[in-house]
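According to TrEMBL, the protein carries these features:
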- E132: active site (ACT_SITE)
- C89, H131, H135: Fe cation binding site (BINDING)
Amino acid sequence: MAMRELRYFGDPILKSVCDPVTVFDEKLEALVRDLMDSVKPAGRAGLAAPQIGVGLRIFSYDVAGLAGYVVNPEIVELSEETHEIDEGCLSVPELWFPTKRAKHAKVRGVDIRNEPIEVEGEDVLAQCLQHETDHLDGVLYLDRLTAERKKAALREARDKDWFWKR
């Protein structure tokens, strides 16, 4: 099991648009294994490659017994119906804020052999798919908060130990 060190809010890679994966080899397989291993601990719903310092379009997820990964994901479907759901992030630890997300999402991408895959879900899985895809575009969930909530989140972040260690 290879758990990688997490990157935290303020790290430039978290605000960068990731490159698509173009080489499908054993290095990609190892990276996907690391992402899968790193998302397993309790309370982790998903993890995107930039959160472990890799600027490639890959994420892993583990929600309600459904676990997997997507390489080069694209959101291809979002429901018009939305809801506010408490959201947190491993790169912004200990902070949870209501975030508006589509109730249903579908993501299309490929696996480590460059074969097409599709993942879709409701509620928490939909939230995870949207959240992790956002990471690949340099978007943190804090960027999706209302101005008032974002201000509160940043104020709260300054009181956390991780904020000053970055």
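Residue 1 is the first one shown; counting continues down the chain.
The backbone N, Cα and C atoms fix where each Cβ goes, and this holds for glycine too.
Note: TrEMBL annotation is automatic and uncurated.
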Cβ neighbour count (10 Å, all chains) around H135 (Fe cation binding site) is 25
Rounded Cα distance, in Å, between C89 (Fe cation binding site) and the residue listed as 'active site' is 10
